[in-house]
Amino acid sequence: MKGKSNLRGALALLLVLAAAGALYLAWLGEVPLTDLGEARYAASVSAMRAGGDWLVPTYEGAPQLQKPILTYWAVAAGQALAGADELGARLPSVVSALLLILAVGLLVWRASGRASLGALAAAALAFSPLMVLTGRACLGDALLSLWTTLALLAWFLALESEADRGGWWLAGWAALGLGFLTSGPLALALVLPSAAFYALAQGRLGYALARVRWLWGLLIFLAINLPWYVLVWWKLGDRFLEALAASLPGLDLGPGLAFYLPVLFLGAFPFAAAALPELGRALLQNPSEQRELDRLSRLHLLAAICLLVILLVLGLNPAKQLSAILPAMPFVAVLAACQLRRLAMGEGGGRLARWVFWAGLWISGGLWVLALAATPAALPLLWETILSSGLDSGPYALPLRPPMMVLWPLVAAFVAGAGMYLAAWAARRGRGGMLPWALGGGAALLCAALFLGLMPQAAQVLQAPAKRLALEVGRRAGEDARVLTYGLGKPSLVYYTGRSLLQLPAAQGPDLSQELAAAGPVYVFSRVGLRERLTATPNFVVLDQGEGYLLGGNPTALAQWRGEAPPPVSREPVPPGVAPQAAPPQEPKEELSPSPAPQENSAPTQERPKAEVETTL
């Protein structure tokens, strides 16, 4: 009987992996790269490929040393396999996410002896909105989460092994080394305290320290990391040491310490609500006598300790990024799966545990439903306030009129609410076996509506017009053209134009006038909200625009944009906002179709200031 149950559970795990693969890969290359993190990684890899330097990533000519090299190499490998476009750039994150989902499912299956519980843990991880968002992005968080989770799980299995085998210990060291090559000291800060506190709670810290294979483990760790670090230090010298010192995480003891609690509560919906009572049970109702007899109870304790340590470490890190919480998600999934199985069997715990679960579910779900359902009406009503609030000063240029987003927000709100309603209905009718299916299915449909429907629709307003204009500039502008941005810091323009861009703040009007007075073509990316100021600038003419983005330039750029001969150089400035008289028409040139992928970056024309610290979604 147990064999048949495990067979059904194994099939369920395969079904979860297939559904996750479809969700994570669907239309992966259709949405333009987002700013800032995705575009920085992709632009840096393009520069590495163009310059042939696979050792030091650069952005706008400045070395990017805030993170080690492994994510850049992974993106380069993805583009080598799938093409130098959005699909290739995002493929490593998808592969990392799917491997992480599989690892969590297999570990829970091994610890519990129940394949169905492993499938439930895999589903809780796969269909959490934040996991899907980050797993479909060209970022390093999914890769880091894979290594940190594998390191902790390998050392957990090493402690569980009755024989003194070194394989799991060494596998943990290898994963830790790869995590360090992905994110530097942060990997150590996430893994080592978690492993130490777990061994201490189990009363096996001395045993672990004696068996952890220090010599071979450190050799593996150094063999993975030392070659790159030594070569970069040999190439850059003190600049690399300064970058290493700057990358060390600081401490944030202020209100930001709790930043990730709401992020995790909503980003892991609906599974964070299920993890809450199981977290308390793992810490407060998990005696050592029970843990000695039950491996799953020990896994509960590991998940609870790792979740709390990761929340604390990331909360103390001053650099707050939504996707940075991803290493905690596998342990939320483990706890959530155990609680959902209890509910399915009618063993949801005492009154307090049930109250915590249902309250957490309805609060988090209510916030999701309210925000999504209100979007179609809120955007038109609040658009003027949004434009005047400063949100139009970031990397995305907002259009002057509100975008119409009706269908997908309502679909997402409906499936989120329907999943919660079906779960509550199953609990009231005593059909607990339906509850995990209702929540898991609702979460999967919610993620599909969000990331296959709503996000592409939003990208058509916020990012696709900028991509179109950038590709056109990359196609039409000659080698002698200068391209700059005015009041718009947007790394994706660097990637899609294949050029190094000069960035001017909106306050620097005189500098813009000097740039536009050049004899050669000068292109300017900006936002429509600055159109009036730009058209009042001498020598500026509008070339094109799309939604909130404005493309302009000087008269020479206008002639080049039209495929005409450049106008004669004149000392008289062109009246603001007026197109100059066109030169006599030349022989018509063959029209080229827009390139589906950015060309290789050209070398920077002048020294650029050091790029700012990378940010993500």
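Heads up, the Cβ atoms here are built off N, Cα and C, so glycines get one too.
TrEMBL assigns the feature transmembrane segment to residues 140-158, out of the candidate ranges 26-44, 64-82, 140-158. Within the same chain, residues 9, 13, 16-17, 20-21, 24-25, 28, 71, 74-75, 77-78, 81-82, 115, 117-122, 125-126, 131, 134-139, 141-143, 145-146, 149-150, 153, 156-157, 299, 330, 333-334, 337 sit at least 6 positions outside the transmembrane segment (91-109) and bring their C-beta atoms closer than 8 Å to a C-beta of that stretch. Counting Cβ pairs under 8 Å that are 6 or more residues apart, the transmembrane segment (140-158) and the transmembrane segment (322-343) reach 3 or more and are in contact. Highest Cβ pair count under 8 Å relative to the transmembrane segment (257-276), across stretches 296-316, 322-343, 355-383, 403-423, 435-455: 322-343. Here the transmembrane segment (296-316) has Cβ contacts under 8 Å with residues 107-108, 111-112, 152, 156, 160, 186, 189-190, 193-194, 197-198, 201-202, 249, 251-253, 256-261, 264, 275, 278-279, 281-283, 286, 290, 324-325, 327-328, 331-332, 334-335, 338 of the same chain, all six or more residues outside its ends.
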